[in-house]
Amino acid sequence: MRVAPLSSSTIIAILCGLLLVTGIGALAIGATGLGFGAVFGTDASGDVARLVITQIRAPRVAFAMLAGAALASSGAVMQGLFRNPLADPGLIGVSSGAALGAALVIVLGLGGLFASWAVPLGGMAGGLASTALLYGFSTRDGVMSTNTVILAGVALGAFSGALTGILIFRANDTALRDLTFWTMGSLAGATWTRIGLLMPFLIVAAVLIGVLATPLNALLLGDTDAALMGYRVERSKRLAMLGVALATGPVVAFAGVIGFVGVVVPHLVRLMTGPDHRVVLPCSALLGAILLVCADTIARIVAIPADVPVGVVTAAIGAPVFVWLLARAERGDAPS
Amino acid sequence: MTLRLEAVSCRVGSRLLLDAVSLEVPRGAMVAVVGPNGAGKSTLLRVASGLIEPEAGDVTFDGIPLKDMTPERLAMRRAMLTQDSPLRTRFPVMDLVRTGLRGVPAKQVDAFAALALRRVGLADFARRDVLSLSGGERQRVHLARVLAQLEAGALSDTPGLLLLDEPLSAQDLPRQALVLDIAREHTRRGGSCLVVLHDLNWAASRADSIMVLSQGRVCATGPPHAVLTPDMLKETFAVAAPRVHMHDRSGRPFVVPHDITAAQASETERKAAPCILP
């Protein structure tokens, strides 16, 4: 066994420090060439610079932090719940449902004048409805079968994908472009208002996920042993699905599909901390926030003045890491 | 603590897994359940632990019906070692044992866990990864977790019920003795133990009473010398020419495996005559 060289509180402190540094760095980097002086208000860059920092970069950085934290901690919950190191929030149909909801709004033009709000709301509704449907499919007599969730989740994802495909087929060029960008994920639409709308969902999700840390540790030993130790297994599973749907649904709805954060980050965290969810969950949230801020910063500056979809960056970096993790798992020394 | 099952029946789909089973495990007693594969032994433990609710009949701990107890309360009154764990995650041994310790003051958790590991002979394994251990060691880590759970429950109540589902399956000879002696130590301190065993000789050597289960029904129950008879072995296990000997010092019976051959009785014949009732 790899003995963790650092205590969990040290790791959390280091990650908090890194998050602060990345956040400030991300504020200082961007298309307009404003530096640290503008961030700290020490140079005479004026009101425009202040506006760029506080109204464009800051909400985007804040959104990236929240989205990264939500996706990564949700991934950690899913992997613990399903005892499957490759599980991610998409498994419970949130992403595919959200994609379908967003596609409905974009292609059928349901939003009208309020399109900028209608797409995220459609996505959110689609994601939550999809999760509820999957829960219904997989639950008999109050007992949720995790195997059925995985299988039905795949089927539901394929079905949502087919419906989305039909919509794409019917879409005009503008709708097609909007839809394509949405499925690649982007934080370009971040505003303080949207963050305000996101917060209630994330706060409830954070409370749910926080409460689940100890039951998730017991669930690693299996549903039966967890129940024998006095944990309310079915209630924990329901709360976990609800927490994940509340955390990822709105994020996916606003930012589109951002892949690999949910799978890779919890793995990296477990390499450092071991399997205890009381440490894994907060560390995943912190590392997810750091990595998504970094990825989004890359997305902003790699092709100035264009804004590359952040999902492309996370997948480009995440996929090789994911394959590396798979290869390790094949050799039998998975870091899960 | 006293466990009592009265006329418990349990059905999954159309299959009757337990058919009017009654059983008492008094405080300080160890009862072994034996029987052929698929007899309903594990189902019996699951019912006794409160994991599944029987279709008919009553299960009580010290006279209190299990269905009136919260999961948290149940966890304080009984702990169960299951047959296998689906754990696939790296997990330090000490942390795994700690998961059994709910409601224990934080300062005492490590001491409780260390004590439990010492009892199962794994004191030096605290920092190892569970997945790196052998099957037998892993089984004893889970036993330590179960013992820790019972100790935590005993902080505020009398010693509880220890349920063991084939606890010897992965153990070598000295560890088989160790596991059963740990269970006996628990009953000596006022706890009670219900254990499913395949090895009739271990059952006869340690248990106060043996219950023979076949096709969901109790075929025989009583002290080892009364239950472990050639007739019972022939009828219940369908083995030919079994001989049962008595151990001089303890007066307990044992079966010599050399005498045993699988009988010719087909599965259908056995089903026609499921058991001899005492």
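The backbone N, Cα and C atoms fix where each Cβ goes, glycine too.
Predicted automatically and left uncurated, TrEMBL annotations should be read as such.
Copied over from TrEMBL:
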TRANSMEM  A:12-40  transmembrane segment
TRANSMEM  A:60-78  transmembrane segment
TRANSMEM  A:90-111  transmembrane segment
TRANSMEM  A:117-137  transmembrane segment
TRANSMEM  A:149-171  transmembrane segment
TRANSMEM  A:191-218  transmembrane segment
TRANSMEM  A:239-267  transmembrane segment
TRANSMEM  A:279-299  transmembrane segment
TRANSMEM  A:306-327  transmembrane segment
Proximity of the transmembrane segment (A:149-171) to the transmembrane segment (A:117-137), 3+ C-beta pairs under 8 angstroms: yes
Seg_contact(the transmembrane segment (A:279-299), the transmembrane segment (A:90-111)) with at least 3 CB pairs under 8 angstroms, min sep 6: no
Segment proximity, the transmembrane segment (A:117-137) to the transmembrane segment (A:60-78), 3 or more C-beta pairs under 8 Å: no
Maximum Cβ pairs under 8 Å to the transmembrane segment (A:239-267) - stretch from the list A:90-111, A:191-218, A:306-327: A:191-218
Surrounding residues of the transmembrane segment (A:191-218) on its own chain - C-beta under 8 Å, 6+ positions past either end: 55, 59, 62-63, 66, 70, 73-74, 77, 80-81, 120, 225-226, 229, 231-233, 236, 239-240, 242-244, 246-247, 249-251, 254, 275-278, 281
